[in-house]
Each structure stands twice: as C-alpha cells, then as structure tokens.
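Now, the feature entries from TrEMBL:
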type     : residues : note
DOMAIN   : 1-252    : domain 'G-protein coupled receptors family 1 profile'
TRANSMEM : 15-38    : transmembrane segment
TRANSMEM : 58-77    : transmembrane segment
TRANSMEM : 98-120   : transmembrane segment
TRANSMEM : 140-165  : transmembrane segment
TRANSMEM : 191-211  : transmembrane segment
TRANSMEM : 231-254  : transmembrane segment
Amino acid sequence: VIVTRLATRDLHKPISVLFCNLAVSDLFTSFSGFWISVLFISNPDITIFGSQDMLAPYALYTTSILSTIYNQVSIGIERYLAVAKSMRMRFRVARHHSITVVFIIWLLAFFLGCLPLMGWNCLQADKSISVLYSPFCVSYLVFITLPNVVVAFLVPLFTYLRIIIILRKRKLRMQACGQVMGTYRSAETQVARTSISIWLLALVSYAPFLAGVIFDATNQRCHTDLYPGAYIFRNCTAMLITITCLGNPVLYTLKFRAMGTKLKELRCPSASRLQACGI
C-alpha cells in the first residue's frame, strides 16, 4: 500500500496521506510483533515474567496500535467531512490538514506508548505488575486501553452512521424532485458494507485485548498459576491485531477507492440535477 500510494499521483489527496500513514502504522505493528516473537523464541521466560528487555518492544507495539486506532478514527472523520461539507459545512479538508493530523497522531501515540520507558513501569514494584504484559503496570494498561478502545468503537460508528443518514436524506430529497438516484442508493450500500466491515474488524481485534486487560486488572493470581492458558489467550489477541494489519489495506485501499469515486460524483452534481431540484 505504501509503495502504491507513493508511486501514484493520488498522494496529493488528503485521504491518501491518511491511507499511507495507516499502512505505516500497520507496518510498525507487524515489526514490533515480530520483535516480541523473536524475544519469545530466544528467551520465553522474559515474555512471561517480564524484564527490562521487554519495555522497548512493548512500547513500540503500544505506539503502533495507538497510531492505527487514531488513523482509523481520522479516516472516518475525513470521510464524514467530505460528505457533509457540500450540505452545510464550509470546512474543506486539505493536504496540509492531513499532514498535521498525521504529525499529531504520531506525537500522541509516541507519548502515550513510551510512558513505560519514562518510568511508568513495574520493574521495581511487584504489587501492581501486569501478569500478561510484564513489566507493564496494570494501571498503565487500564489508562491506555479503556479510553482508546472506546474511541475505536464509538467514533467510527458515529461517523459512518452519519454518512449513511446524509446519503439517505439526499436520496429522499432527489426522489421528491421526481428523480430516482441510483448513485445515492449504491453509495449508501457501499458505505454501509464498508463501515460494518471496519467496525466488526475492530471489534474482533480489540475486544479480546480489552477483555485480557480487564482480566489482568481483576486477577490476583501469579504467573505460574495462569500458565499456559492465559498466555495462549494473550498470543491469540496479538494474532487478531496482526490480522487487522492485513485487513486494513483491503478495507481502506480497495473499498474506499470505489466509494471515493461515488462520493465525488455526489459532491459535484450535474447542471441538469441542480436545475431539476431548483424547479
């Protein structure tokens, strides 16, 4: 996706900048997951009981996941602004806006993801240490996971529902003018299918991770009591997040290309349609 976007002339579009950044986030997620896997192969105990060596890969893993979440939210907001601007909004998303958003995304993701490297870890204290993600603290995992997972679920759900509602209102208005708009109906169906796929992929990917953090926060047992079942579940959640990295290019790059063409047609109605609505 990165090479394709850089090789084409579509990079000047704001949505293409967000697509490229999402692909970079997925690449970092895969890289950090591979780093953790190598550490597990070389020394499995440090991925269970935790050590100083796990802080950096876990911090990079957290940073890349946060960046992916923020990118998904930004793409949903950009699509909403692209559809809603021709109705009542005068704000237009430009390329420099997308570049600014990308900068803010990585700045916020690196800050939150690297908090354990700045001292918010449990290397010296065992009281609140995470059992599944040692040496992270349970308080840090709860602080990072709960609000961001809620954002990943609710914001895309709201933005895509609003897009569907706007398209449906436009279709009804065109029908009131005596025209049957197949383009609006097709765009509405495309948005609905894509948004449902995006939301379900996020649900399947992040809900098990959220459940693991909640279990970690309420669990009072030690590492050996949970081995191996809890750690198999932890590895499965990592696999689901990796699958998200594979699903994002398909959903965002392939589906949105067709949907973007339809939305462009809707934002630029022909003169005959405008005249019909004026009558």
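These residue numbers are counts, starting from 1, taken along the chain as shown.
Yeah, the Cβs are placed from backbone N, Cα and C, and that goes for glycine too.
Same-chain residues lying 6+ beyond the ends of the transmembrane segment (140-165) with a Cβ under 8 Å from its Cβ atoms: 62, 66, 69, 72-73, 76-77, 79-80, 83-84, 112-113, 115-116, 120-121, 130, 133, 188, 191-192, 194-195, 198-199, 202-203, 206-207, 209-210, 213, 216-217. Remote same-chain residues near the transmembrane segment (15-38) are listed as 1-2, 5-6, 47, 54, 57-58, 60-61, 63-65, 67-68, 71-72, 74-75, 78-79, 82, 95, 98-99, 101-102, 105, 238, 241-242, 244-245, 248-249, 252-253, 256, 260 (criterion: CB distance under 8 Å, separation of at least six residues from the stretch ends). Long-range neighbours of the transmembrane segment (98-120) within the same chain, counting only residues 6 or more positions beyond its ends whose Cβ lies under 8 Å from a Cβ of the stretch, are 14-15, 17-18, 21, 55-56, 58-64, 66-67, 70-71, 74, 78, 135-137, 140, 144.
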